[in-house]
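Undergrad: Have a look at this one before I ask anything.
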Amino acid sequence: MEKVTVLGAGSWGTALATVLADNGHDTLIWSHREDQATEIHEHHTNAKYLKDVTLPANLHATANMAQAIEHASIVVMAVPTKGIRETCQKMMQTLDKPVLFVHVSKGIEPGSLLRISEIMREELPASVIEDLVVLSGPSHAEEVVKQHPTTVAASCESLVAAERVQDLFMNQYFRVYTNPDVIGVEVGGALKNVIALAAGAVDGIGYGDNAKAALITRGLAEISRLGVKMGAKPLTFMGLTGMGDLIVTCTSVHSRNYRAGFMLGEGKKLEQVLDEMGMVVEGVRTAKAAHQLAEKYDVALPISAALYSVLFEDKTPLDAVDDLMLRMKKREMDEIYNN
Ligand SMILES: NC(=O)c1ccc[n+]([C@@H]2O[C@H](COP(=O)([O-])OP(=O)(O)OC[C@H]3O[C@@H](n4cnc5c(N)ncnc54)[C@H](O)[C@@H]3O)[C@@H](O)[C@H]2O)c1
Ligand SMILES: O=P(O)(O)OC[C@H](O)CO
C-alpha cells in the first residue's frame, strides 16, 4: 500500500483518487477550496464535478497543503495547466523530501511553450523529485468512476518509475501501459484538445461525420508533424496518448473541449461558452501555445490555426472551415512521394 496525495479535486483528480482508493492505497485529495475538501471528506461526494457519484469511504480530503504533503510518498498533480506553477509553489512551502510525482494534466503553457513536466521541473528543485511520470490517454473521469474499462500510458524515461505508476493504478477496469516517449505523450495529450474544440465546432455548425473524420485524421497529422519537430517519436501518435485520446475527445459528449467547440459552432461567443462550461477547457489556452509553436518550429498546423482565428480573431466557424477547404492543393503524405 502506498501513501498518495492527489493535488486537485476536479473531475480528474477525484476520479483518479477513486481508482487509488479502490486499489487499497492510503489516498488523500487536496483541494484549494475548503468547501470542496469538506464535501469530499465528510459527504463522499463532489457533485459539481462528478454528478450522482458516491466516492469511496476510504478516500479522504483536505484543503491544508502542509497536511497533504506530509501524508505523501507519491504526489499526483491533477490541477489545470494554468494552476501548475502556483500549486508547485504552494507545495514548496513545506515539501522537503523526495517524492514520486505523477502528473495527469494536458496542456502547454502559452509564452514559455513548456510542457507540464518542464514547468514542474522549473518550479521544483531536483532534490524533491524522486521521479516524474506522466499519466495520459483516452480517459473521461465520468466513465472511470463507473469502472468502465479504460486504458492509459505511464510515461517516464525511467522504466522503473513508469512501472511503479503502472502498478499503482492498474486494476480490472483501469489498464496502464508504459511508454518512454515523454515528449510525444505530453504533446499528444495537449494538442488533441485543440482539435477536439474544432471537432465540436463542425458538429455545432451541423456538418456531418465526413467532416469530423477529416478533422481527426488531419488533426493527427498536424499533431505528429509538430511533435516530431519537438523531439517526439512518431509511433507514439499512433498509440493511446495520440490517436486514442484524439478519438475519445473528438467524439465524446463527456469532453469539455468537444462541448465547448460545439457551442462555438452554434454561434456562441468564447466568453459565454466558458461561463456555461464552468470547468476547465484546456484547448483554449493550448490553442494560443499551438499558434506560437507553429511559428517557433516552422510547422504548418492548419486546423489549430483555423481554431485560433475563431477563438481569438473573431472569425466565424463557417468561414474558418471554408478557408481550410480552399487551402492550396497538398499531397496527403510527403513521405510516400519521397520513397
Ligand atoms: N476530466 C477528465 O476526464 C480528464 C481526463 C484526463 C486528463 N484531464 C486533465 O486533468 C487536468 C484537470 O482537469 P479536470 O478535469 O480535473 O478539471 P475540472 O475543471 O474538472 O477541475 C479543476 C479543478 O482544479 C481546481 N483548480 C483550478 N485552478 C486551480 C489552481 N490554481 N490551484 C489548484 N486547484 C485549482 C478547481 O477548483 C477544480 O477543483 C486538466 O489538465 C485535464 O486536461 C482531465
Ligand atoms: O473533457 P476534456 O475535453 O478535457 O477531455 C478529457 C480527457 O482528456 C479525455 O482523455
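Counting begins at 1 with the first residue displayed.
Glycine too: its Cβ is placed from the backbone N, Cα and C atoms.
According to TrEMBL, the protein has these features:
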| type | residues | note |
| --- | --- | --- |
| DOMAIN | 3-158 | domain 'Glycerol-3-phosphate dehydrogenase NAD-dependent N-terminal' |
| BINDING | Gly8, Ala9, Gly10, Ser11, Trp12, Gly13, Ala141, Arg256 | NAD(+) binding site |
| BINDING | Ser11, Trp12, His32, Arg33, Tyr49, Lys106, Ala141, Arg256, Val280, Glu282 | NADPH binding site |
| BINDING | Lys106, Gly137, Ser139, Lys192, Asp245, Ser255, Arg256, Asn257 | sn-glycerol 3-phosphate binding site |
| BINDING | Lys106, Arg256, Asn257 | substrate binding site |
| DOMAIN | 181-321 | domain 'Glycerol-3-phosphate dehydrogenase NAD-dependent C-terminal' |
| ACT_SITE | Lys192 | active site, proton acceptor |
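Surface or core, plus neighbours and distances: that's what I need for these features.
TA: Long-range Cβ proximity for Trp12 (NAD(+) binding site), meaning a same-chain Cβ under 8 A and a gap of 6 or more residues, is found for Ala78, Val104, Ala141.
Listed in sequence order, Gly10, Pro80, Arg256 are the same-chain residues six or more apart from Val280 (NADPH binding site) with CB atoms under 8 A from its CB. Val280 (NADPH binding site) carries neither a helix nor a strand DSSP state and counts as coil.
Taking a C-beta cut-off of under 8 angstroms and a sequence separation of 6 or more, Lys192 (sn-glycerol 3-phosphate binding site) has the following same-chain neighbours: Lys106, Gly219, Ile223, Gly242, Asp245, Leu246, Thr249, Cys250.
Look at Arg256 (NAD(+) binding site): DSSP puts it in a helix.
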Undergrad: What is the separation, in Å, between the Cα atoms of Gly13 (NAD(+) binding site) and His32 (NADPH binding site)?
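TA: It is 12 Å, counting Cα to Cα.
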Undergrad: Just checking: which of the binding-site residues Gly13, His32, Ala141 have a C-beta under 6 Å from ligand 2?
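TA: With ligand 2 as the reference and 6 Å as the Cβ limit, the list is empty: none.
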Undergrad: Largest pairwise Cα distance, Å, within the listed NAD(+) binders Gly8, Ala9, Gly10, Ser11, Trp12, Gly13, Ala141, Arg256?
TA: 17
Undergrad: Tally the residues of the domain 'Glycerol-3-phosphate dehydrogenase NAD-dependent C-terminal' (181-321) by DSSP class, grouping H, G and I as helix, E and B as strand, and everything else as coil.
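TA: Taking each residue of the domain 'Glycerol-3-phosphate dehydrogenase NAD-dependent C-terminal' (181-321) in turn, the totals are 113 helix, 0 strand, 28 coil.
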Undergrad: With the cut-off set at 10 Å between Cβ atoms, which of these binding-site residues ends up with the most neighbours? Options: Ala9, Ala141.
TA: Ala9
Undergrad: Starting from the Cα of His32 (NADPH binding site), work out which of the binding-site residues (Ser11, Gly137, Ser139, Ser255, Asn257) are within 10 Å.
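TA: Checking each Cα against His32 (NADPH binding site), there are no hits.
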